[in-house]
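Here the structure is laid out as structure tokens; the discussion comes afterwards.
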Amino acid sequence: MSTETKPKGQLYKRLDRIRGIIRNQFEFLRQDRLATIGVIFVAGFVFLGLFGPALAPHDPIEHDVRNDDGQILRLAEPSGEAVLGTTAFGKDVLSQFLAGAQPTLIVGLFGGIGTGAIGFLIGLVSGYYGGWVDELLMRLTDLTFSLPFMPMALLLLTFVTPNIWLMTAIIAGFLWKMPARVVRSEVLSVRERTFVKSARASGASDLRTMLYHVAPNVLPIGFLYTAYGVAWAIAAQASLAFLGFGDPTMTSWGRMLRQVFESGNMRVAWWWVIPPAIGIAAITTSVFLIGRAYEEVINPEIQTEQ
Amino acid sequence: MSQFQRFLAKRLAISIGLTLIAVSVIFVVLRLLPGSPFEALVTSGNLNQQQINEIRALYGLDQPMWRQYIDYMTSILTFQFGYSILRSQPVWDVLEPRLVNTLILLVPALVTTAILSSAIGMYAGWNRGSLLEKGSIITTTFLRSTPVFITAIFFIIMFAYNFELVPAFGMRSVTASPEGYIDTFLSLDFLHHYILPFTVAVLYYSGDFLLLARNGIVEKRGSEFLKLHKAKGLTEMQQLARAGRNSMLPILTYFALRLGMIFQGLILLEVVFGWPGIGRELVLAIQQQDYPLVQAAVFIMALAVIIANLAADVLYAYFDPTVSTGGGSSA
């Protein structure tokens, strides 16, 4: 690791700076009450995603909840044996809820980061170079806009066994278009500013100018859209799982809702519906609330982007 | 050619190009899928080899790939979608009533929400910091970030199961056997089934319109022309109306874009409510590997988006003289 070669003081200074940035972000978010609530929910969600499967009292799929006589409890209301009741298949709802956060977190996090990163790079290159590069990349963006996301994702997921990494890739592969457009239009205005022009005039290469002078100025928007990407990815993953195109080996919140919907037990088994439904609604809304707080700061005008 | 005409021609060419590419992508994806809907027929053992060959020939599957591609392109682009494999009906006969069902649900919903939530959004933007503004922002953030099927499930549990006010599923009751569209849609039974999905669709769409309208007004509030109107002695509402008229363009173009996404946007809404629209039909067709039906449905969805994008671009360039029409994408 490079930590050995660097003088310790410099490393500490760097760490301090990072800590300062993080502290500032939290200070900022604390001022917005809605964003604070959002942060709390997201923290709880990340915790569930990391440790949920370990916390689950039973295996979400294998284990059958039984009563004292050894009979499998099906569609049992919340009770001592199963705190959140059981499913029609005699599974523990609480365990499924806890374990189900993990795929949601993985797809959300990586799908969001993928969306943000691809979109940022394409927007940056497209806006900076302009000309035929811009034309090509923007027509590619138009193409992903015109290929309907949901149907295409469903089609692709029918011919390979869906797993969460594939879903992540498909989601990022379709959603990058949003940040790409916004970042590009932002780059177009940054490119014309004096410091970029003077950097180029003083002989900096295109790559250097783009990465050191333009990119940092559009980074906040990249981050914002990464956050939105997380919410979109979570929503997309839940929707695909609800339609039966989720990872068949993992319990996810979307899949729980599919099972309760498909089995026709939605009418009676409220305890089976509410936890995953609230889980998905809470996490997507939280991410958006945090995003909103940043949006106000970064640029009041871009709030209008879809 | 005027500048606007040149812009129009370029946009049109791009749209045609996009349509061709989108259709090709669908072709490739469908070819990549392993297995075919005929395999089920073949493995069930009801067909001999000669019959299989005949069926393959019927669908053109014995032709070389480039020939299949040409045939596919010409048929799709002329709206000859062929026969649905599992329903043994022409694809268009299957899709047409589904398209109508989707439109009848979502177009009124979109129009309603565009008018209602834009008005609320403008009012909220005018009264910055008010309770209405904060409340509407929280509500719409929830509604637009939560996947639509979750909202739908909450509504079904509340209004269909708990209060038993409306049915939870379908477009007509099971016993109804209406003839033709007028008979189908002009009945109390239909209305009864309609209210819930309509409401959820209105709420789901509301967020973006509300925020667009609010932001538009917020930006206009301090501008010079409003000061003039204020000096002229116009009332608050009259000023708001002037500011609103000046922030209509983004709302209009957004409406066009949303309209284009209408067929693909709310597949999950249709599935949850058992609404016999094109989205639900597509999911069923994919599950049953009914590829002629799938490719037709996906093509219609893509085409709608391409046309709406074109319309939005043209709308914007036509009404907003500050947008450069010269370079097309050089905005």
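Backbone N, Cα and C define each Cβ position, glycine as well.
Feature annotation from TrEMBL assigns transmembrane segment to B:12-33, B:103-126, B:147-170, B:190-213, B:251-273, B:293-319. Taken from TrEMBL, the feature domain 'ABC transmembrane type-1' covers B:99-312.
Across B:12-33, B:147-170, B:251-273, stretch B:147-170 shows the highest tally of CB pairs under 8 A with the transmembrane segment (B:190-213). Using the rule of three or more Cβ pairs under 8 Å, pairs at least 6 apart in sequence, the transmembrane segment (B:251-273) is not in contact with the transmembrane segment (B:12-33).
Tertiary neighbourhood of the transmembrane segment (B:12-33): same-chain residues 65, 69, 72-73, 76-77, 289, 291, 294-295, 298-299, 302-303, 306-307, 309-310, 328, selected by CB-CB distance under 8 Å and a gap of 6+ residues from either end. Away from its own ends, the transmembrane segment (B:103-126) comes close to residues 132-133, 136-137, 140, 185, 194, 197-198, 201-203, 205-207, 209-218, 221, 236, 240, 243-244, 247, 251, 255, 258-259, 262, 265-266, 270, 275, 277 of its chain (Cβ-Cβ under 8 Å, at least six residues beyond either end).
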